[in-house]
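Structure, as structure tokens:
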């Protein structure tokens, strides 16, 4: 599975993003750093041109508003039409009614290959009671594997729930990523960037569960490797991008802590 | 007052932002770095959900356009309705008629707790002749304390005027911050980020004048500490975020140059 | 020509941007770093106020959508009306029909002083067959000087085509910049930032070909100087901004590789 890091660089897939205004620059840069090509659009007119040319599509509702609802729906449907892997990042779905309704519409009208959120977002989508502040997760650290599997079964898609342990499951098989650092919550956009990384890997293998795991692992592992004792947040973000760019099979073999539960 | 830096980290307040597209990422990151939680929105639909959950609200007109005018008004009124501290950053109010009209509407329809601008913006709002280039301040270095106090009396709110010396006043009592560096004008968004910091502190004390001072001081002091002889602008911005994250009572006691004039 | 780096810092020209949401922060920061003042706007209402006050205008279609089409047209026409230098960056013009149509309208309704793109974008505008992925260039390394000159003649404007060698021509005289590094394609926005730099220099000389060359050279040279053996992408971007800020006549004299072909 780790060899997919080379496939991304060989294939240089085009990852189309319909995303938010807060972290859009970071998403573009991390897509480049992992070896793929980003394309960001807010245009109804070019959905067909872009999605048909793309290798995968990422939809992120972080700064959704009414004028983008139909755009996101159209982009998702277009991804389905052209048979492109499509990833949903339902940022802060638990925070407002508007986000909940948009997420419901997206889940009903688009067939997503991967739904990625923090553990609060995933639990909320599964119909569980959740606590969260703003768009941030409340992670009590308890094992949520069974809950996440049930959400995956309900959605009939791969679900990625990030947290102290990242859970990636299709409802049957599950990968758990034990890498990470609290500092990843100290900068904005690490969740959004994880979706970009998943999109980058999705174009490189038929094994979508492994692709989703690799994207999640890349972020958690590079975060961990970037977090030194004396590393403050500005430098941490720079180092994170550095480590994504230099991530290779050797580093993955040496440091990745991934369990597979079939 | 310096102990408020600990209160922010304990309370982790949610700071809602209705802000511009240029510096939105920096505002989110500095809010995280000081120990609060940012939430950025451009959605009419979720104003009530967001403002009612927020600890404070920041409104920044930096890339205002006609479609956001009603959004900003709605967010400000909602902050008043839910009794949440609300901060206005009238970026470049002197630069265009559209910004002037929006600022007038905001000041008339919303009761702001803090109006923060560079000295040119504050003078303009107070009805004085000002010079400025684009959205940047013209600061001739003369003592503007009396002028800023009169603006605060007129607006019946705390006014923060940033410049060589930062002036924070409610029209009666005044704090003056003598920390800072010219390099803060060399990167975009330090003014916007100051409003985010003020928003972070506003949720942590009843003493709004001190909260506004702490937010202003955090930026000016961390800027000063980040400006070493051989520090160029890219590295300066990284270091600034580093210093905001590590700012503590000890550093404030050692380096803060604040005068209080009752 | 290299002395223009000093003129920018003396004049501190105001560079108005009508640009995309992905790289808008980087464009503002690089404009500051070179010594000019950025102003970013998305507002129809303030076009006249802004363009009349600006020293130059940059129009970048990177995240164009239907609501911004008339804004870009209006900004371009206003630049012509007030006789301000205006630069077009037709990001990804070859990627979608919507971008092609907008670019056609802009080129027909506005008289641009400079059209800047990667070599694929410039060839496409000239009516040549091009390959590109997303908004990125396919550069086969062959000498495109004649092609770019023909595009400049057709457009009756200066054309800047960035690539392994950057070509800057008014259709008669040509500058070629042989500085650069592949890493500039590894971060998003280096093309957009080049347009900001060109805008900064355009306000400082009647010799528009030299201004366009200086903006292009600043990016390619500072990129080259920032690319050390062990420099990863996050650090590279920080160093790039550092080098733009410290760029001076001495560095230009020592490292610039520019040919002039009259």
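Note that the numbers count up from 1, one per residue, in the order the chain is shown.
Note: Cβ is positioned from N, Cα and C throughout, glycine not excepted.
According to TrEMBL, the protein has these features:
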type	residues	note
BINDING	B:40, B:189	substrate binding site
BINDING	B:116, B:162	ATP binding site
Can you tell me the three-state DSSP label for residue B:162 (ATP binding site)? strand
Given the binding-site residues B:116, B:162, the candidate whose Cβ has the fewest other Cβ atoms within 10 Å is B:162
Cβ neighbours within the same chain of residue B:40 (substrate binding site) - under 8 Å, at least six residues apart: B:16, B:17, B:19, B:24, B:27, B:28
Could you tell me the C-alpha distance between residue B:189 (substrate binding site) and residue B:116 (ATP binding site) in angstrom, no decimals? 13
Mind pulling out which binding-site residues among B:40, B:116, B:189 sit under 8 Å from chain A, Cβ to Cβ? B:40
Hey, which of our binding-site residues B:40, B:116, B:162, B:189 end up with a Cβ under 8 Å from chain C? B:189
Can you count the other CB atoms that lie within 10 A of the CB of residue B:189 (substrate binding site)? 25
